């Protein structure tokens, strides 16, 4: 039986991870390990200065007092009896498109699976009301089944964004590149009840590159976007120019 590790960044009790677990349980044995609280925006952070504590829940899930990356690392290195065949992260409440991927704990959980040598997928639901987790779950299962039947290179992560629509209104799947956002909006300055100054990060910037071919464009037009991501951040096109610059300094 195929074995799949499921994690997320919204927390182990979030509706998205439940929908994903149930959908994948129809085709695989699933171990669900997620953070014990919402860790949105945690990116690839690891907990290095405190121990990781776990709680085995009545539904079989395992909660971890740690980050999404902690969850996947701990699950594969210690909690799994053997190894998973794949790591799937989500279903995130909110899109992870364009620059979002740099901050996303959902993408980071999948990335940790890839670091440890396993095929990995991140699934996110784009919208405001988050009414159609089941639509995302159906597409997640379809994509996972495709990967099991025809594996892709292990050095990539599939970043999947699903529009928050009824299943019959989703037009299909498009392979996309990452779009881009404008810089985030300003910091919100306020006070706590004791009158002390506090700050909130402003909302993300609006789309800057949402042209045809981007994840933003596909999802806005009713398609599921799939973007292959790599963890190699090297700007290969700049190596020669940089060497020429270094030679002159």
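Here, residue 1 is simply the first one shown, and the rest follow in order.
Positions of Cβ are set from backbone N, Cα and C atoms, glycine also.
Counting every protein chain shown, 20 other Cβ atoms lie within 10 Å of the Cβ of residue 40 (divalent metal cation binding site). The divalent metal cation binding site feature in Swiss-Prot is assigned to 9, 10, 40, 92.
Residue 92 (divalent metal cation binding site) counts 31 other C-beta atoms within 10 Å of its own C-beta, drawing on all protein chains shown. Least packed by the Cβ count within 10 Å, out of the binding-site residues 9, 10, is 10.
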